[in-house]
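**Q** Questions regarding the structure given below will be posed in turn.
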Amino acid sequence: MPPRRTRISCFQETCLKTIGTSAASDITSRAPGNRVIAVTLPSDKKKLPNFQHSFNTSTWGYTRDLAFSDPSRPIKGDILLVGAGFWMESVADNGTRKVTHGGRVQKKSFLPGEFQSMFVLEITDDPHKPSGYHWDDEFSRKQILYNLRFPVTPLRRVNDVAVLDLPEPLQEPFRISGTQGGRPGLTELSAEDLQILADLFDAESWQELISERRPVDVNLPEGIYFSHEQGGRNIAPPRRGNGQGRQQDPAKRRATEKHAEDVAVAYYEALGWRVDRIGAPYDLDCVRDDEYLRVEVKGTTEQTGTVELTINEVESARNNDSHLFIVHGINLIENGTEQYIDDRGAVATRISYRGEKGIPLVITDWVPDDADLAAERYKYHVPWHLAEDATPPFVDTP
């Protein structure tokens with residue numbers, strides 16, 4: 001059985017009197033911490049080459065006037081969480097669709113938005129004084145512009161991250177960073193919030209997320225930014241094709257996923273399996289006598305097409321006995337209202353949803369083939385001809 005998740009510890013306190021002194025090099029290890037520095041990349045294309053160079057060279061730089069650069073608290077071991085390609089969609093009273101890019105928005109407009117990509121990077125040493133130029137604008141101006149420089153290691157990347165899926169304490173720091181041209185915001189997170197981040201990046205735990213090294217695509221997303229020459233004209237992000245995609249409304253997405261999982265649980269329990277809901281890197285843990293099975297569950301409101309798979313989901317299926325259970329054509333219906341805390345901190349209500357019907361199919365002995373995978377966030381071209389009917393008499397569809 002998969003190991004249970006454990007709570008992480010806070011940073012061990014280590015004091016330095018001056019950033020960049022020899023004391024910084026004396027710190028050889030630190031406990032996994034709860035400090036996360038949130039950065040929203042600016043939407044101005046003129047500024048993006050610097051950030052891309054930072055990713056390519058694993059070097060981050062800022063000016064000295066930063067709130068998190070407190071000399072009494074080193075940042076080695078802290079986590080840099082970078083959101084790229086922020087956008088949100090709204091509909092005017094006349095029905096006109098508008099897409100807004102960049103993080104320079106009010107809180108009520110920021111919360112429904114989404115980042116095209118989000119990166120986790122570990123800060124591997126404390127800031128130091130640069131001895132030469134590093135970024136293109138420094139070379140062109142023959143001047144060191146970023147006096148606070150530190151090395152980073154990219155750990156993971158995930159695409160299509162809704163702001164409301166982030167831990168609540170990180171939402172406002174990301175918005176403020178967007179309004180201030182990428183200025184970082186330091187936040188200390190609880191163990192529960194760290195686990196939310198781990199789940200978002202398909203990690204079993206926060207410890208796994210910040211300690212596991214793997215190749216990361218550090219190319220920033222294209223096609224969503226605007227330049228000064230375009231006068232801030234809105235440019236729509238690439239339209240998604242048919243398939244599972246990612247439901248923009250978190251309530252609708254949760255309802256779709258829950259319904260698909262409920263159908264799958266009922267199916268396997270009817271076949272005599274004991275089923276535990278795991279969540280990541282696969283959804284269901286099934287045991288029957290001495291048999292052990294992992295099940296990846298996908299739900300979509302589309303009829304056919306692709307489904308999204310993470311790298312962890314693909315690797316899990318290739319290394320373990322696995323099934324792929326898909327419920328497609330799910331109907332979403334309004335299910336009353338639910339309470340939530342709005343951007344003013346007040347209790348408000350919104351429409352909730354539940355899924356119904358849909359067509360359940362299962363692929364047994366599932367091993368994702370490279371020919372059926374598209375890069376970035378995997379889109380799996382489902383071999384429907386291999387799927388077996390999962391409707392009654394095996395189980396009644398909820």
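Even glycines carry a Cβ here, placed using N, Cα and C.
So TrEMBL says this about it:
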- 228-258: region 'Disordered' (REGION)
- 249-258: compositional bias 'Basic and acidic residues' (COMPBIAS)
- 257-329: domain 'Protein NO VEIN C-terminal' (DOMAIN)
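I'd like to know what surrounds each of these features in this structure.
**A** Beyond the compositional bias 'Basic and acidic residues' (249-258), the same-chain residues lying 6 or more positions past its ends with a Cβ under 8 Å from any Cβ of the stretch are 162, 164-165, 297, 299-301, 330, 332, 335, 338, 350-355.
Along the domain 'Protein NO VEIN C-terminal' (257-329), the predicted structure has mean pLDDT 89.
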**Q** By DSSP, how many residues in the domain 'Protein NO VEIN C-terminal' (257-329) are helix, how many strand, and how many coil?
**A** 23 helix, 29 strand, 21 coil
